[in-house]
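Written out below as structure tokens is the structure these notes cover.
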């Protein structure tokens, strides 16, 4: 049994030197991936295809090899074939009949032949001869050249006959590492997972930069998304996962920045930090999952203001995509379930975000920050080889307990920002309520009565859940989320 790996058409269109370089890289990538399945994998490069040989005594490898080949960038499709030699056109027919006789019963069919080498016949003659024989000596429902129930695919390569047993759709794109590296800003949601996948598929080693706003549980979830993408689509090359503790930045934004500017300022601070990380790694481009108009910070005006904070190239592969299309891709690539369980925190810090930020106003707000703020969070960043995440894959993302009813001995903590709380104060008769903004809760919770149970409240339930998880990570078990 062999697999014939067909190159993505854009590779075939390259100049001879570039095509050879891409093909060599694809051969290496295939070998690197399949060797992890079994050391017996043999890969052989030819001018227009790559052959993968499966040992005759290891039929158990066929399915595993096929699944891996389907996810390697640079492959148009893969043919799973039985290999033999032939002496004549009739011999080709006899071998085809032996394989397809039972499969054709009651079905319309056509025969398609691809041929390479010198022969005293052409492809059309083989199609007619084999098709006529199969039509006459099987119980097929007849020949149908357009939209048949079954297509009998044959490939003739000099003296070898390839009877195609299965056609596997490839990923397309370019072989990994034929394009330059990128740094993807990943949050674990639908958008950042799909945008990362798009650049893996296009041939870039995609490293991951995560801005941690939600404690260990949030980080574990995002790491699982990144590891899944790497293991399934980019395993042929090493990449890095960088975690940047960004809660000090968020706290300064909430305490010092005008509410309407918070979203744009946060994104600019993230871009600055990511650009610093990219510079250290020798990477020239950042990748984000932003789509035009999807949220307030992603208007063209705001994206323009965000881009002004760095000289790094910022790539947005999803910029004109609809949300449902993004979700559909996430389902296809296996990140949908991860994304459903990971909340997006960036959108909860501003209640009246501007959709037309003015650069001078944003820069004036940013002047309120500590000069060394970005330097400090970058210094505390943790960089790991993505393979190390495998040791954390069994860690489950825990959920903070959520309640709708309150007992008299429980205390509600309103964690909303002061202006939100003042606009719509939470008052429940007979229940003690405290007001502690979420960005101060971590430092003030230790001063509270440890014998009481505290229910955290915010309008959307996102920030309250985030803070409950963080407090639980610090060892506090007397905290829940209140969702009336």
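Don't overthink the numbers, they just go from 1 along the chain as shown.
Including glycine, each Cβ sits where the backbone N, Cα and C put it.
Among 146, 232, 267, 340, only 267 appears in Swiss-Prot as part of the ATP site alongside 185, 186, 289, 298. Between the CA atoms of residue 186 (ATP binding site) and residue 458 (disulfide bond) there is a gap of 25 Å.
All protein chains considered, the CB of residue 298 (ATP binding site) has 21 other CB atoms within 10 Å. The average pLDDT computed over the domain 'Rhodanese' (406-484) stands at 85. Straight-line distance linking the Cα atoms of residue 185 (ATP binding site) and residue 458 (disulfide bond), rounded to a whole number, equals 27 Å. Each residue contributes its Cα atom, and for residue 267 (ATP binding site) and residue 458 (disulfide bond) these two points are 23 Å apart. In this view, the densest Cβ surroundings among the binding-site residues 185, 186 belong to 186, judged by other Cβ atoms lying within 10 Å.
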